[in-house]
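K.L.:
What follows is a single structure, and I will ask about it in a moment.
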Amino acid sequence: QVIDHPKYQGSKRIAIFLSMPDEIQTDEIIKDIFKQGKECFIPRYKPHSNHMDMLKLSSAEDISSLSLTSWNILQPSDDDSAREEALGGGGLDLIFMPGLGFDKKGNRLGRGKGYYDTYLERCMKHPGGKPYTIALAFREQICESVPVTENDVQVDEILYEDC
């Protein structure tokens, strides 16, 4: 579904999460991003805050050079200043987002820190504007409704099996 999606096909600068074991696995999507000559950005979370940056990967193999956080997430280290930050350059066309639960109105339940919501607010101030957002989910994660606050940013689309 992802590789054939028109928004994916039309995007050049894509942010995607490196999956945890309980999330949709993104390895093959990341390989395809590079195969198609697109630019790939991944999150770097700042602990004890809700700040996140999207930093550029040079290749799918580049993932093996990343360090493991205390949350067991691979990400560029804090002193890695050589990588382009997406909003410092041309912005993003598309962000693939993880989550714990979703409803069909586009509401997303994350892990509670607000990293993606805060990042999307920053995107809206970038000259490139807010990128299209697609959540990747298992069918079991689609709920009647999920709790939201006024700071939560809805996703544009949710992709899951048989949707």
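From the backbone N, Cα and C atoms, a Cβ is placed for every residue, glycine too.
Dumping what TrEMBL says about this protein:
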BINDING   L18, E23  substrate binding site
BINDING   R108, L109, G110, R111, G112, K113, G114, Y115, Y116  ATP binding site
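Looking at the shown structure, what environment does each listed feature sit in?
P.N.:
Spatially close to L18 (substrate binding site) yet at least six residues away along the chain are T26, I30, I42, P43, I63, L66, I73, L74, Q75, judged by Cβ distances under 8 angstroms.
The Cβ of R108 (ATP binding site) lies under 8 Å from the Cβ of M97, G99, G101, F102, Y116, A135, V146, D152, Q154, V155, each of which sits 6+ residues away along the same chain.
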K.L.:
E23 (substrate binding site) to G112 (ATP binding site): how many Å between their Cα atoms?
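P.N.:
Between the alpha carbons of E23 (substrate binding site) and G112 (ATP binding site) there are 16 Å.
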K.L.:
Across all chains shown, how many C-beta atoms besides its own are within 10 angstroms of the C-beta of G114 (ATP binding site)?
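P.N.:
Around the Cβ of G114 (ATP binding site), 18 other Cβ atoms lie within 10 Å.
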K.L.:
Say we define neighbours as other CB atoms within 10 Å of the CB. Which of the binding-site residues G110, G112 has the fewest?
P.N.:
G112
